[in-house]
Amino acid sequence: MKIIFFLAVIGLCSAGLRDRASRKIGVALSHLHLGSSQYQYIAGTEFNSMTAEWQMKWDPIGNDPNTPNFAWAEELMSFAARHNQSVRGHTFIWHSAVPTWVQALENNAPALQAAISSFITSTATHFRGRCYEWDVVNEVIEGDGSYRNTIFYRTLGTTYIADAFRLARAADPYAKLFINDYNIEGVNAKSNALYNLVVSLLAQGVPIDGVGFQGHFIVGQLPTDFAANMQRFANLGLDVSITELDIRMNLPPTAANLQQQAVDYANAFRACYQVARCTGVTVWGVTDLYSWVPDFFPGQGAALLFDEQYATKPAYYSVESVLN
Ligand code: G3I
């Protein structure tokens with residue numbers, strides 16, 4: 001195993017999923033784990049696209065209103081450049097990862113609008129031309145189809161959504177601009193509301209290019225209409241992308257759940273590849289060891305393609321077979 005690892009490290013056998021993929025196959029990365037050679041090796045040889053798991057959000061960049069911090073993001077951008085990876089920008093406007101000083105602007109529409117304008121313009125300008133897609137707004141719809149009750153909605157109504165796309169386009173005309181959300185993978189009240197919002201934005205001439213389907217699933221519960229649902233958005237003339245795929249299960253993993261997970265991952269990739277406008281699939285992390293899932297859903301995890309010892313799981317091979 002060590003000799004293979006050594007040869008891989010020096011690049012003599014680095015065939016990975018990216019070598020089989022005709023579309024983007026991405027991974028969410030964190031600068032916190034770049035010190036691990038295994039983390040770096042898998043991230044660099046298996047994936048041709050990178051999303052910063054946190055480092056390109058408002059709080060890490062704009063926690064200090066006077067001094068933007070791009071250092072953590074630039075560590076990840078350098079990694080992507082060294083490994084010939086494209087970058088998905090994630091994300092300008094989201095109700096989480098909002099700096100404390102921005103939260104204090106609630107109910108002050110002019111000030112919040114100015115803060116949004118400054119953050120999007122400066123951040124999109126900083127990364128101009130280096131991101132093939134940006135998640136401009138993230139998770140703006142509730143499960144029942146209403147607008148999500150966030151500081152942005154409470155203070156600005158729905159205008160912040162179109163404004164964010166216009167600001168991003170003005171600062172970076174090269175990036176495809178996406179709206180991103182979870183639990184919209186099947187046809188349901190939430191995805192129907194998102195569909196209607198996108199139709200409305202397009203009718204207003206808002207520069208929106210695509211829809212991101214996060215794909216945070218529970219094993220055995222993928223919607224059977226995933227591809228058809230993405231297709232209806234593509235039929236609006238938009239790109240689609242599976243942006244944060246992970247498929248969690250109760251811990252400890254059982255052989256049956258790992259096998260079902262392999263089926264589910266294969267079906268998620270098939271759903272993307274059945275839609276011409278689907279630009280690719282990003283998995284939300286390298287290894288189960290650093291997945292967000294156990295912290296957020298106690299007792300659940302094992303959601304990714306590599307386990308906590310960086311070993312491939314059945315899902316890795318089912319994805320490989322779909323890509324082949
Ligand atoms: O590393 C910093 C540390 O330096 C700092 O002192 C500390 C202060 O809170 O924060 C640490 O950063 C943490 C970061 O992950 C590390 O990567 C943040 O606390 C923590 O909130 C952040 O969590 C991320 C979360 O989004 C919130 O931004 C998760 O890693 C990330 O997986 C998760 O991803 C989201 C997508 O963006 C949107 N869709 C849902 C998905 C899962 O929640």
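Please read every residue number as a count from 1 along the shown chain.
For all residues, glycine too, the Cβ spot is worked out from N, Cα and C.
Feature annotations, reproduced from TrEMBL:
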- 1-15: signal peptide (SIGNAL)
- 11-322: domain 'GH10' (DOMAIN)
- Glu244: active site, nucleophile (ACT_SITE)
For Glu244 (active site, nucleophile), the number of other Cβ atoms found within 10 Å of its own Cβ: 26
Collapsed DSSP category at Glu244 (active site, nucleophile): strand
Integer average pLDDT (0 to 100) for the domain 'GH10' (11-322): 98
